[in-house]
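So the structure is just underneath, and the comments pick up after that.
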Amino acid sequence: MNNLKRIKVIAGNWKMYKDKNEALEFIQKVNFSIPNSKEVETIIFAQSTLLDVLVQNQGPNLKIGAQNAFHESEGAFTGEISPLNLVSLGVKYVLLGHSERRVLFGETDQLVNLKLLKALQNNLSPVLCLGETLETKENNKTKEFLEKQLTQALKDVPQEDLEKILIAYEPVWAIGTGKTASPQEANQTIKQIREKVTNLYSAQVVQSLKILYGGSVSSNNVEAILEQNEIDGVLVGKASLETKDFLNFTQAAVKLSSNCCQHFDKKC
C-alpha cells in the first residue's frame, strides 16, 4: 500500500517539560513558520496544565493535543483528565497507550481500549501508541505482540470511527535511549500493523489510516524515516522541545511531499 494520498504528520510529545512561559515562547516562535496544514499536519502534545493557553495561542497550522485522558467523561475521579473537558478547551488530539503510561502507571491494553472508546465518543482523535520491549524483539515476537496490542486496543471500535484514529509505533527499547529501528525495519513493522488493521476492518478504510514512527527520532534520521512508503509521520519526544529542531522536522516532511509531487507530476 502506498501513502501518497496521506499527508505527513509531525507530532511532538513534550512529556513533562516546559512551563507556561517556555511553552508560549515556543509557540510564538513557530506559529508563522509551520508549513500549511495542507502540506503537513503538525501537532504538539503538552501537559494538561498548558493546554488552555496553548490552544488560545496556536497558529492556524498547529494543533494541540493532550498526553492522556480518562475513560469516563466526568465524575468523582480526583486528578484525572476529562475527555469532555479537553474538547471544551479546543483540544483535538489525545495520546493514548504511550509506553511511559503503560510502564510507569500500569495501563493495560484493556484500559487503553476504554480510554480510546471514550475519546472517540467525545469527538477526540486518539493517537494510539504501540510498541514492543527489547525482550520481545530479541525473542522474535514483535509481530504477535503488536497484533495483540492492536486487537485489544481496537475492540468495539466501529469501522466508521477508524478514520479519527492515528497509530504511533514506538518500540519501547528505542524511546529516549538513542537507539532506533532502522528506517527499513520500522517500515516493515508498520506495514505489518497496517495489514493487521486491514484484517480487522477492510483494505479500503486502511488506505486513509495514518501510522507514525516514534523512538529516538532526530534531525539526523527524520528524512530517512519519512521516506519510507508505509510511514506517515513521526512522533518525536525530547527532540521536539527545541524550535529549530521541530521546524526542521516539518520542513523535512514538506520537502518529501514536494519531491513526491514532482516525481508523479502532481500539483502540490
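First residue shown is number 1, and so on along the chain.
Note that Cβ sites are derived from N, Cα and C of the backbone, with glycine treated the same way.
Taken from Swiss-Prot, the feature substrate binding site covers ASN13, TRP14, LYS15, GLY176, SER216. Sequence-distant neighbours of TRP14 (substrate binding site) (same chain, six or more apart, CB under 8 Å from its CB) are ALA23, ILE44, PHE45, ALA46, GLN47, LEU50, GLN67, SER240, LEU241, listed in sequence order. In the three-state DSSP classification, TRP14 (substrate binding site) falls within coil.
Other Cβ atoms within 10 Å of the Cβ of HIS98 (active site, electrophile), summed over all protein chains shown, number 28. DSSP assigns HIS98 (active site, electrophile) to coil in the three-state reduction, outside any helix or strand. Taken from Swiss-Prot, the feature active site, electrophile applies to HIS98, supported by sequence analysis.
Taken from Swiss-Prot, the feature active site, proton acceptor applies to GLU170, supported by sequence analysis. Annotation note: GLU170 (active site, proton acceptor) sits in a coil segment as assigned by DSSP.
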